[in-house]
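Chemist: So TrEMBL lists the following for this protein:
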DOMAIN    B:3-298  domain 'FAD/NAD(P)-binding'
DOMAIN    B:314-381  domain 'NADH-rubredoxin oxidoreductase C-terminal'
DOMAIN    B:418-465  domain 'BFD-like [2Fe-2S]-binding'
DOMAIN    B:480-529  domain 'BFD-like [2Fe-2S]-binding'
DOMAIN    B:555-618  domain 'Nitrite/Sulfite reductase ferredoxin-like'
DOMAIN    B:628-767  domain 'Nitrite/sulphite reductase 4Fe-4S'
Amino acid sequence: MSWIDIGALEDIPVQGARVIKTKMGCVAVFRTADDAVFALSDRCPHKGGPLSEGIVHGHKVTCPLHNWVFSLETGEAQGADEGQVPTYDLRVEAGRLLIDASKLAAQSAA
Amino acid sequence: MQKLVVIGAGMASGRMLEHLFEAAPGAWDVTLFNAEPRGNYNRIMLSPVLSGEKSYAEIVTHDEAWYDTHGVTCRFGEKVVGIDRDRKVVIGEQGEVAYDKLVIATGSNPFIIPLPGHDLDGVIAYRDLDDTNRMIEAARPGARAVVIGGGLLGLEAAAGLRLRGMDVTVVHIMGHLMERQLDEAAGYLLRRALTDRGIEVCCSANSKEILGEDGKLRALKLDDGTELPCDLLVMAVGIRPSVALAKEAGLETGRGIQVDAQMHTSDPDILSLGECVEFDGQIFGLVAPLYDQAKVAAQTLTGEASEYIPREVSTKLKVTGCDLFSAGDFAEGEGREDIVFRDPARGVYKRLVLEGDRVIGAVMYGDVADGNWFYGLIKDGTDISEMRETLIFGPAFQGGASVDPMAAVAALPADAEICGCNGVCKGQIVAAIEAGATSLEAIKATTKASASCGTCSGLVEQVLAVTLGDDFVLPTAKPICACTDHPHEDVRRLIKAKELKSQPAVMQELGWKTSNGCHVCRPALNYYLLADWPLEYTDDPQSRFVNERNHANIQKDGTYSVMPRMWGGMTTPEELLAIAEAAKKYDATVKVTGGQRIDLLGIKKEDLPHIWADLNAAGMVSGHAYTKGLRTVKTCVGTDWCRFGTQDSTGLGIKLEKRLWGSWTPHKFKMAVTGCPRNCAEATCKDLGVVCVDSGFEISVGGAAGMELKETEPLAKVATEQEVIDISVAFLQLYRESANYLDRPYKWIAKTGGLEWIIAQVVDDLDNRAALIERFDISQSVYQKDPWAERATPQYERAWSPLADLTKEAAE
């Protein structure tokens, strides 16, 4: 694993998200009400909506385009919808957000 | 069989005999003396007899049959003239009776102030049924009565006489009414209530002389010289224990007949109880301690060990419509703290006096439903530190989170307003249910609750369900989302009724099933809270749909559209040049919209703060094309240019737009002003449309031109532009205050049962219209701000850019 510092936890609003640009497209970095953080691809598998702009509730996010709901923990679509969003390892250390670049790189290699 | 003689058939001795016959049936041969020519009746219910609300027959507690059954020899109407303790006989007017045990329950005598003229015809005390009957006889409608004494009894007398049609003045020597039971604030409310029902009240008034003519009462003169003419003068200034008989018999007396904790007098064969006794320096005037004494006396007679312990007493005034309650000690003092709740509009006052962690006194006026609960806390000395914060709201508020959806409604206090239109509280609804109104329709008919806008009908049904239990089947209302069982209507009403001012408060109090809601309920709650509490609640961008959070319309590719306001659809060459330059700079697609404005499509999120700054610089502000709020006010050119125009439709449209922009609404709100009935601005399919005619303006509402197509319905026809603006503001505010989130006005109007109620609110009732406008303006003071100007800053530029760019590193 190779951890890359992408910013401070405080840069993300509580119950909100920011994006990071990668070669493979944008990754949404979420912060929930209980200060947990998650990184998922910023593309809804339904019609490509930016998940980073969705409403965050519990450990879930609702896509702003057509209200699909995804688990931030697993990236799985909830309820009747079927779909999977890629997830990335993310951790907080001393208030800094660290993302595992190996998976990003692996993806870009694939 | 032992011989028991009882002197006095009052409430205390009556209760004692009941206990005695229950514990030792057939053990006693009882003789009961009573100076009044009748047996036991409920003396504290004399007030309703006086007012005509009850008859004497209804307040009799023991009738002839009861005395027969228990073999009581009744000597009613016969005074006892002496007691010979040596011979153990009671000497009545008609002869002697021997006793093994004697109970003296002679009660009290009303205190007559020895004012000059106190023996005039027409001056009476208020003590027993004879007094009551004399007052009833004297109470001719229009005749004048003065009551001296603003205590419990005096006020009940005054209210009763007033109900019988007399002109009544209460003269009270102290600064406020019922000073022994009430503090000044509650005394004030009581005085106001009495004044409202036509009773005059003079406090701090000293009676000096009773004036008469030919031996008959004429007036009461106060020491300041005021003369109060009257045909009846009632003295209700207090009572004195009736001790004469006991004293003559050589028993120890102070203020009253002295008794020990077993109710023995100084003679072990003679007991005494009731208002005539003195125990531990105290004398008694309320019924609760008398009943305690009755129980102890009966136990002493049957040889059971027992002890009388005086307890805190509580008081309720029996004047219909004046609800007051007092218990314990409520004087101010060192180490004492007050918790006070006031609702001036409804005349509710509650005060708790705390000493440490205990409640030691309670005074309540206007809403006394929780009185007995507080009384219990005082009596039991309960430690209230855990519930101190919500203590004043009563028992329904204690006990933590509610999971049962009905719990929130069950927990509402009786004075919580359920129906805002008609000002109906939960207590009134419960009372109506208890009186037999067991359906929503019956509640509507009897209380008017939910009979106007109807948005509270869900809550009314819940009150029905809570009150009736299994007898009522709750119709299933559609909840907002899976996070709650409450439909929108209930949540809106409860936010107001329970004064919930944050999302956590709503979710906690209304039993949300999720920790922080979902994308369905959070935007709704955010809207309800900011609409109901514009000054207290802070808007939560994270509970808004992306467009309202980013102040631009997201498009299918994740870019945004940007649309500046064009007031009334008017623009200038300078604005057009600025728009054109911005379009080129940010590579936008340009589209003219149906709302008479220009849309710039395809803007990247990180460019938004920049394009806003550019458009702001040219004097343009956000068009709110993305909001549940005021969108456009479409106009035609009106009298400025058009040969058919009847009014300045463009000017009026601009005025309306400048007044209303920036306000958040349950759903988007579109308007139009058209200069003549040809309707070029298509005003009759808007949420609110104005059609100008020669004689003025026709305002119509509730149109739609989306998935549903609907023509507007007439709201009002007015003569001036100002009225158009006022009614439009009031309509918008009423919609903001009472519609469900995401209901366009036409849907809301349908749910309120048509326009009738809305017309009454915003057109006919001018005071209400003004109040709506005032509340709208308060909201606008917070929300009428250009979101672009607020966000065209370096801080937003950073926040709306990517957090990090890893494209280079990935390439390495």
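Cβ from N, Cα, C; glycine included.
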Chemist: For the domain 'Nitrite/sulphite reductase 4Fe-4S' (B:628-767) and the domain 'FAD/NAD(P)-binding' (B:3-298), does the number of C-beta pairs under 8 Å, pairs 6 or more apart in sequence, reach 3 or more?
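Modeler: No, the stretches stay apart by this measure.
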Chemist: Averaged across the domain 'Nitrite/sulphite reductase 4Fe-4S' (B:628-767), what pLDDT does the model get? Just tell me the whole number, please.
Modeler: 94
Chemist: Give the residue counts of the domain 'BFD-like [2Fe-2S]-binding' (B:418-465) per reduced DSSP state, in the order helix, strand, coil.
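Modeler: So the domain 'BFD-like [2Fe-2S]-binding' (B:418-465) is made up of 26 helix, 4 strand, 18 coil.
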Chemist: Across the domain 'Nitrite/Sulfite reductase ferredoxin-like' (B:555-618), what are the DSSP residue counts per state (helix, strand, coil)?
Modeler: 29 helix, 14 strand, 21 coil
